[in-house]
Amino acid sequence: MSVLNNTIAEPLIFLLMGIPGLKATQYWISIPFCLLYVVAVSGNSMILFVVLCERSLHKPMYYFLSMLSATDLSLSLCTLSTTLGVFWFEAREINLNACIAQMFFLHGFTFMESGVLLAMAFDRFVAICYPLRYTTILTNARIAKIGMSMLIRNVAVMLPVMLFVKRLSFCSSMVLSHSYCYHVDLIQLSCTDNRINSILGLFALLSTTGFDCPCILLSYILIIRSVLSIASSEERRKAFNTCTSHISAVSIFYLPLISLSLVHRYGHSAPPFVHIIMANVFLLIPPVLNPIIYSVKIKQIQKAIIKVLIQKHSKSNHQLFLIRDKAIYE
């Protein structure tokens, strides 16, 4: 078996996987994936646009929502080119450096989303437990520091992981299991000792989502305890309603991750195409559903989106009238 070291001048080429066993129908199966990408990109772009443009939404809760949308948008875009390239054009080749870059952004934005969900849980905790101090605790400067700390954390945990991947040597098997580069998938192709890579990957997971998830759970325990101390049932209902969107976002982020882990661990009897389709769908669930959930649940977002759409429609009509009048007079 030949050994290919990635320190040689010629870059290593890996092959991304489409949907095994369904090559004849792969093109048609890719259409729903394309629609999901369109919904994810357009939905998160709309949320970002309305939060940035609408002054009434310049509040801590919506700043965190814009961070979530920016993360979901980036997460969708970092796998869009390779996934649709494999499905539509059979563009399966990817070199090691491009693969490592995609891994960095894929895992980095996944960990970033976990951090943003933790920040949003903290936002709900302060809003419900300390409502009178909400604006003094969550100032613009503090929100910026929270966002920057999450970014620094992700870069700090991901850089060692990526650097140690560069040190691996690979054998003749260069076929990956997904239509994008995934850390565990790549290091399993190595014919050298990858224990350090596995340890670094586990450390990155535990120091991000492994830390964030218990903290989110703790914040909701404190929120529930605070809400139950409210005498009025109507006030309790209103307090819980402010958390429903965030609870939904947390659920659609963590439940697919847990489900996919269980499928990989116990679903060995399932056909390979089941694993591939589930991996791609689960990756798209949060970016697709988060804008829909927040648009449906939060009236301020609904009003802002409607306002932007009406203004855009009015502007288009005005431009049409100007063109028509110009044509008449000429």
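Cβ from N, Cα, C; glycine included.
Per TrEMBL, these features apply:
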DOMAIN    43-294  domain 'G-protein coupled receptors family 1 profile'
TRANSMEM  27-52  transmembrane segment
TRANSMEM  64-88  transmembrane segment
TRANSMEM  100-122  transmembrane segment
TRANSMEM  143-165  transmembrane segment
TRANSMEM  199-223  transmembrane segment
TRANSMEM  244-267  transmembrane segment
TRANSMEM  273-293  transmembrane segment
Residues from the same chain, set at least six apart from the ends of the transmembrane segment (199-223), whose C-beta lies under 8 A from its own: 107, 110-111, 114-115, 117-118, 121-122, 124-125, 128-129, 153-154, 157-158, 160-161, 164, 183-184, 187, 239, 243, 247, 250, 254, 257
State the mean pLDDT for the domain 'G-protein coupled receptors family 1 profile' (43-294). 90
What same-chain residues lie close to the transmembrane segment (27-52): Cβ under 8 Å, and 6 or more beyond its ends? 19, 58, 62-63, 65-66, 69-70, 72-73, 76-77, 80, 83-84, 87-88, 277, 280-281, 284, 287-288, 290-292, 294-295, 301, 304-305, 308
Long-range environment of the transmembrane segment (273-293) - Cβ separation under 8 angstroms, sequence gap at least 6: 17-22, 29, 33, 36-37, 39-40, 43-44, 46-47, 68-69, 72-73, 75-76, 79, 83, 113, 177-180, 245, 248-249, 252-253, 256-257, 259-260, 263-264, 267
